[in-house]
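A short write-up of the structure that comes next.
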Amino acid sequence: MKRTKTSKAWMQEHVNDPYVQRAKSEGYRSRAAFKLIELDDRDRLMRSGMVVVDLGAAPGSWSQVALRRVGREGRVFALDLLPLDPLGGVEFIQGDFQEEPVLAELESRLGGLPVDVVLSDMAPNMSGIDTTDQARSIYLGELALEFAGHHLKPGGGFVVKVFQGQGFMEYRNEAAKHFHALHVRKPKASRDRSAEVYLVGVGYRGS
């Protein structure tokens, strides 16, 4: 099968992407690591000894960043619909976060541990219809925020990816109620054409 011009252009962009090259040289599984690194460097959410939950973790680059930041005394729990090659120090659950039994398994693994930081890089299966994909993204963001509301300790942090569009401001305003500060960030590693932004909640107010 011949490659299309679009696929050739994507491959060329991927090969020449400085973040892809850095990910390889620094041992990260994907360029997405540098999105979280930039966000955490700016807002200082993760520190040694913390408990972090990483939703939408595959292929594992955000969990790698979290591991490096919380150290041996911390714990990282990761969840994704897709499989994740083993990462030493990461407790992984494979399943759909939208399904109650999967959520129950994650909560069982946590065993009542208060969580310092909830990360969500979850994205919907893309349909190619912008309004549909954006609505699904907001829904996943709502689920992540609900989980954070049940498990974050007071003062905890929250990072969630959502797509801009209809419903974004309503979601942002709802999230802002739960944190002392809420920032909208677009890391340098995010592609310019992408509708994704990250909401960073600092200082969870408690339920």
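Glycine is treated like the rest: Cβ placed from N, Cα and C.
Because the structure is a prediction, the values reported are computed rather than measured.
Per Swiss-Prot, the features are as follows:
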- Gly60, Trp62, Asp80, Asp96, Asp121: S-adenosyl-L-methionine binding site (BINDING)
- Lys161: active site, proton acceptor (ACT_SITE)
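Feature annotations (Swiss-Prot) mapped to structure.
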residue : record                               : CB count, 10 Å
Gly60   : S-adenosyl-L-methionine binding site : 24
Trp62   : S-adenosyl-L-methionine binding site : 29
Asp80   : S-adenosyl-L-methionine binding site : 22
Asp96   : S-adenosyl-L-methionine binding site : 12
Asp121  : S-adenosyl-L-methionine binding site : 22
Lys161  : active site, proton acceptor         : 23
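DSSP assigns Trp62 (S-adenosyl-L-methionine binding site) to a helical segment in the three-state reduction. The secondary structure of Asp121 (S-adenosyl-L-methionine binding site), as reduced to three states from DSSP, is coil rather than helix or strand. According to DSSP, Asp96 (S-adenosyl-L-methionine binding site) sits in a coil region rather than a helix or strand. Neighbours of the residue listed as 'active site, proton acceptor' among the binding-site residues Trp62, Asp80, Asp121, defined as a Cα within 10 Å of its Cα, are Asp121. Reduced to three states, the DSSP call for Asp80 (S-adenosyl-L-methionine binding site) is strand.
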